[in-house]
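What TrEMBL annotates here:
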{"type": "TRANSMEM", "residues": "148-165", "note": "transmembrane segment"}
{"type": "TRANSMEM", "residues": "177-198", "note": "transmembrane segment"}
{"type": "TRANSMEM", "residues": "205-234", "note": "transmembrane segment"}
{"type": "TRANSMEM", "residues": "267-288", "note": "transmembrane segment"}
{"type": "TRANSMEM", "residues": "295-314", "note": "transmembrane segment"}
{"type": "TRANSMEM", "residues": "353-376", "note": "transmembrane segment"}
{"type": "TRANSMEM", "residues": "388-407", "note": "transmembrane segment"}
{"type": "TRANSMEM", "residues": "427-445", "note": "transmembrane segment"}
{"type": "TRANSMEM", "residues": "452-474", "note": "transmembrane segment"}
{"type": "TRANSMEM", "residues": "486-509", "note": "transmembrane segment"}
{"type": "DOMAIN", "residues": "537-660", "note": "domain 'STAS'"}
């Protein structure tokens, strides 16, 4: 029988054989055309240079500048920093119409949200509006996402408020609290911009901060965001119930103690009535928008309608005289300069740096995730480097113009997308509307009840609780679900920063577990073929008498080399015990399928040498199948094939089995 192609292990390998029996695995006059190839040895300096280039410049960031005249290089450099120079050339009236409609729509959503988010950060409401005026303008000329809507967001506002109040009391020392907020925003921007520039030349994982961002897995983010949403909603009970004395802690136990401790003397029924009515209205508006996509503008404009109606209601009934807490005065005017308020040295600078770094990580994670989601929907490429630089620059400038940390908002970006935005001009339109609001109508918010702001925030953060994603994580990967729940409960029962730490720690633990305990599999032959597969995945696969076939599904390094050796020996011991119990012939050959082994270090080679010596004591011969170019080169450098015999290294498992079977007892 002639076989011209076989497949085994992970990849498909081509070989030719003569006179192959498909019944018992025996071969006669077997002759292989191909052997495992040893790659040509390269010059050490060239090899080292290539490795450095691949490590430090993996995405070849300077490629567009190659062989270009100086004028072209200058233009490309400016376009990297200011993408508006690239897409602006193709801008037209049709796109402008779409951007104006989208900008006006998200402006109606952002104004009431920003006032509420500022309270989350323990800031005066005007600073929320400031943060939706300057940062969106900067992002509009520097960002690469067409759909992201920039401004304060609930999670970052809560995070800042929690971390800042641990350092400065926002009630007794408002001035210093505000200065620390601007300092944290400045360092958040510096962190983001620095990561963007470094990522042009260095892999993100080489930077400590980028390393931490990489370990915020999808599961951890789902749990963290869900926990943050619950925490934010609980914090709104102060305004929703009209409680004046409320705990500064964010954990659910402290919050519920504060809520139920005020039930007899702290709750205000008028406030509860206003909050409940408008929360029901907002949730109903969201339901309508979700049910009918063409009515996306209904949930977008509902918060502004709620603010207008509730403000008129309180003003006409003078409900503030009956205990309904109101926003009170919001100063008119655009952002004043805050350069002189930023701490560039001293203990507060260090505190601001620490808080800023944490805020930068969360803000980056949220913005880039949002940007990639909508970029995939519209089928365009999002440049992560440009996003980091743009977000960082807008926060640096924002910190100097009385803003706190801004980033991409999912709720606003979704509305921006559905409203038909075409470019970042929609952010400019939104910014213009916010500017007019600051200049003309902020005094009208005087009688806006705090309860309506709480209702707006509660309705906004509900969408952060992704039940479907959590259920899917549970079904797909239980360890990921542990990371998800760890982050969730860490935020809800302790604090936002502890939840973040738990999320990173569990994700890191998962990676370390996978690295130190790689998967191995016992392979068997699929009947009627020369294909060998995992016997757990294919129960019909059969073992080959006298041969044990094991596959290692990972690179072999010092972190796992001893485990791999011990696991292979355990496979052998378990198999021999079963054979002995059934009075069957013992194992003569152990074949290690190495297709998935992408690399091996000296510890790995040493482990294989120890494995070879252990097998000899058991009168079992070690055979290797399909080692890759990097692996075989290192094995030859260590003279390992000379140790086990050059005839014990095969191109495929099928070839190894067909060669070893007829000589099973004779060659031992």
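In case you wondered, yes, glycine gets a Cβ from its N, Cα and C as well.
Taking pairs at least six residues apart, the transmembrane segment (427-445) and the transmembrane segment (148-165) share three or more Cβ pairs below 8 Å and count as touching. In this chain, the transmembrane segment (267-288) lies close to the transmembrane segment (452-474): three or more C-beta pairs between them fall below 8 angstroms, excluding pairs fewer than 6 positions apart.
Per-class residue totals from DSSP over the domain 'STAS' (537-660), listed helix then strand then coil: 62 helix, 21 strand, 41 coil. This prediction places the mean pLDDT of the domain 'STAS' (537-660) at 94. Annotation: stretch 353-376 has the most Cβ pairs under 8 Å to the transmembrane segment (148-165), among 177-198, 353-376, 388-407, 452-474, 486-509. Contacts between the transmembrane segment (177-198) and the transmembrane segment (486-509): absent, as fewer than 3 C-beta pairs lie under 8 angstroms at sequence separation of six or more. Within its own chain, the transmembrane segment (452-474) is flanked in space by residues 112-113, 115-117, 119-120, 154-155, 218-219, 222-223, 225-226, 228-230, 232-233, 236-240, 274-275, 278-279, 282-283, 286, 303, 306-307, 310-311, 327, 410-411, 480-481, 484, which lie at least six positions past its ends and keep a Cβ under 8 Å from the stretch.
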